[in-house]
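Asker: Below is the structure I would like to discuss, written out as structure tokens.
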Amino acid sequence: MSEVTNTTKDPFYFILMGIPGFEASHIWISIPFCCLYTISIMGNIAILTVIRTEPSLHQPMYLFLSMLALTDLGLTLTTLPTVMPLLWFDIRKISFEICFAQFFFLHGFSVMESSVLLAMSFDRYVAICRPLHYVTILTSQVIGRIGLAIICRCVLAVLPSLFLLKRLPFCRSRLLSHSYCLHQDMIRLVCGDIRFNSWYGFALVLLIIVMDPLLIMLSYAMILKSVLGVASMVERLRALNNCLSHILAVLVLYVPMVGLSMTHRFAKHASPLVHITMANIYLLAPPVMNPIIYSVKTKQIRQGIIHLLSQRNVHLR
């Protein structure tokens, strides 16, 4: 099979895939996708606006929540430019450079989501196990350093895989199996030796999908140990209720992430519809569900959004 790379004279591009077998219904399928993207964008912007405008929410917990909302917003805006034009106008071609840019931001924001949830688990540990030292441990400077460390971690995790993939020759078959550029999808089109890429990808899976949840579980084990030492059942329930939003956000991210990884590794010959459905759930579930979870379960956020909407109604009148 002939090879082609981005160094050839002819412009190299990939071809995105919509929903296989439902091409004639893409315009109808776009309606739920459009609703999900709208909920994600409006919900995360609302949370960011509430946290920014309410001085009482300028606390470590809500600063981490704003990081999560920014990450979800970035993840949404990374896939939207290719998914919606494909469903609406059947625009399938994506250039080599744009595909790799989307690859970088897509996987970068995914790693960032996991990293922010890990940082939030540390925040919950300090708040419950060391409440008297909460403000002195999680100062603005410390939170800023944690945010910077998260960004560095994402860049250092994704950049090597991008450069490793970009140096390899691609075959004439340019058809991707998703409506965006995923590493697992793009590497199938490579004609060269991908063993090093595969091992690096495996190491990254261990670092993110395995290590992050283990550290989160460790923090919750320590929280549970501390909570069980409290005499009052009411105080135990109150402490656990403070963690419920974060636990749900963790499940919303890692369950689809593990499902997608298992599908790509152990169900390679499954129907393309299975792979596409798993990928869409993985990329859309966290940005859509997180604003809903935190709006419903966090009283301060819920009241802030209601206040924001009531102010808007007053201005419209």
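Just so you know, glycine gets a Cβ as well, placed from its N, Cα and C.
According to TrEMBL, the feature transmembrane segment maps to 27-51, 63-88, 100-122, 142-165, 199-223, 244-267, 273-293. Residues or ranges marked as domain 'G-protein coupled receptors family 1 profile' by TrEMBL: 43-294.
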Asker: Against which stretches of its own chain does the transmembrane segment (63-88) lie, if we need a Cβ under 8 Å and a gap of at least six residues from its ends?
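Answerer: 16, 18, 26-27, 29-30, 33-34, 37, 40-41, 44-45, 47-48, 51-52, 94, 102, 105-106, 109-110, 112-113, 116-117, 119-120, 123, 143, 147, 150, 179-181, 249, 283-284, 286-287, 290-291, 294, 298, 301.
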Asker: Quick test of the contact rule: Cβ under 8 Å, at least six residues beyond the ends. What residues does that give for the transmembrane segment (27-51)?
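Answerer: Distant contacts of the transmembrane segment (27-51): 18-19, 57-58, 62-63, 65-66, 69-70, 72-73, 76-77, 80, 83-84, 87-88, 284, 287-288, 290-292, 294-295, 301, 304-305, 307-308.
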Asker: Determine the mean pLDDT over the domain 'G-protein coupled receptors family 1 profile' (43-294), rounding to the nearest whole number.
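Answerer: That region's mean pLDDT is 90.
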Asker: Mind checking which residues of the chain, 6+ beyond the ends of the transmembrane segment (142-165), have their Cβ under 8 Å from one of its Cβ atoms?
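Answerer: Same-chain residues near the transmembrane segment (142-165) but 6 or more away: 60, 63-64, 67, 100, 103-104, 107-109, 111-112, 115-116, 119, 183, 186-187, 190, 196-197, 200-201, 204, 207-208.
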Asker: Taking a Cβ cut-off under 8 Å, which residues six or more beyond the ends of the transmembrane segment (273-293) line up next to it in the same chain?
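Answerer: Cβ under 8 Å, 6 or more out: 17, 19-21, 36, 39-40, 43-44, 46-47, 68-69, 72-73, 75-76, 79, 106, 113, 177-180, 182, 245, 248-249, 252-253, 256-257, 259-260, 263-264, 267.
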